[in-house]
């Protein structure tokens, strides 16, 4: 198939910031794109060839959208996976596959997949309802502390809770869930694996999520991770094994814990470009977004090495501001060396909403890390 | 002014490949853009917020377009400069200025400007018509060989001709022109200067245009130029002096000759992102397109240094093909290390039409240069 001709159409489910950044590269290659998103104000509404407003969870909407394209991908996991399966049956190339997405969408299934494929992950138990958890604790099958996770679409802070005592269980939503061992870890690491249909595999360098010492929030994504080579090698192998087990086509971002004992445990995966790979736009020979296109279009994989070290800082809405967004001091950070802000184009800010990110590149990672700290102290995402 | 708010509008005259590549960065910063181009199929028609079809040489069209924006720029010199002056009078920020563009638009005026500002350039004479050239030759005021250039919108190959004998003069168009000394040169060099309204100045490294030994066509743009440091320094200083003389706001691409005697002579300038700076997207800390935005929006200038060495190859239509374009072997070049094709999105190819470019980056410039040669031998821009 000739991807560089106007007969070819790439469909993208979701028009958020990930889709928007992927469009830099579809424009670079002049690849025809159709994007669908529920919001008429989605960041991807520009730069694609056709933009449709529609519900990504509605079977008919997704099937009808997918029928008009040659290759279909998604930038968000929360889409109708039955529709993807139907489209695959009808000959549309869907990458990553419906099968992979179905496994990943449900955290219990995802964890079982790791267990079945001998991929190291924290021990866990699966429950249809949180009430069963209490029974398990009472029967001695589970003990505090543990991590409760809702099986479906639990994201950090909403579908995840550390349970230390009985009272922590009381307000949990009544949904399918897992209880996972609470792992004391030295580092949270991530590796993005790229794999195409032929099975060619490449990994990006291991990155490190540096946490705020008090707030326990990821503050910086650092590439390369400041860890010993042997640990990096181990993390890469676990990530490769994971992508190969899924027979994944596309990017797979594998988030891992480096435990106190230097074990590597898979925490969770994302079958798409990922926050932990944003640094790659400025730092890598091939950005994760270009790589995603290469993977799903069956093009040769690009070089995943870095030209320079990179640190990424997320721009989230400041706590006390809601309304029309204002990026205070953005000119000041742009005067700092190797600093590139990415503004996603969401018009309204609210506390902790992801509004953009900033990449800091430098030949010396320690210098990049220092500048990142200055960036973080300087810029503020507030409202008008 | 808050460029990152939706109240701000940037206008771009021209929607060709340069505008298209600038839109990567307006999207990155979420800057609201209005683009006007005579072709409804212009490469920039996507990725801007508003696209208008219109004649860039029509006074009223340009004035009406410019009135709706806060800052106006152009990606092509061939626009109505009277309209720009009117807009400046009405308070629109036009960068680069109408005055600079008026000087540059006419090659005779441009050359006089260099002479007036003591900027080294090849000697020349100015003529209202080619018939006057013959008179000058007859009177001994001019001798063969020399370079004939039409004063207005002569581009390489159309408005330039080496005149070695009387018969070369016969078919010249009857327009205002100059006759310039034919300079034997070792190298053709270029330096892109960035300057903002405050007068902050930065130069990109000197690049070298490598010519095909037989066809006498630029084959590769190489950054950094493979010349002694002293020559590079000299070229940078000439370029800086030129930009300062224009009190230029925006990018100024200064093309120069390194003569057999290691003199640096300005050949011509372009007040915009330039083919000689395309390598910067992949190789530099700040791409020339981002830098142009920084200049014209009064933002701090970005780092002009390179992360890695870069070589650029233009993708032009093969000689014997006209019609719907096909990029033969593009998958093959994408398998080579550090190779990024940029496809401008023109649907029709014709002999020598500029259809795209390819950047090759590598830590080692000699390796990049070798891969560039492979790229050039492999990819073909043909028709279906």
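Note: Cβ is positioned from N, Cα and C throughout, glycine not excepted.
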- prompt: B:149, B:180, B:181, B:182, B:183, B:188, B:267, B:268 bind ATP according to TrEMBL; which of B:99, B:107, B:307 goes with them?
  reply: B:107
Message: On the three-state reduction of DSSP, what should I expect for residue B:182 (ATP binding site)?
response: coil
Query: residue B:180 (ATP binding site) has how many other Cβ neighbours within 10 Å of its own Cβ?
result: 20
Query: In this predicted model, what is the average pLDDT of the domain 'ATP-grasp' (B:111-297)?
result: 93
Task: Let me know how many other Cβ atoms fall within 10 Å of the Cβ of residue B:182 (ATP binding site).
output: 14
In the chain carrying residue B:268 (ATP binding site), residues 6 or more apart in sequence that have Cβ under 8 angstroms from it: B:107, B:110, B:255
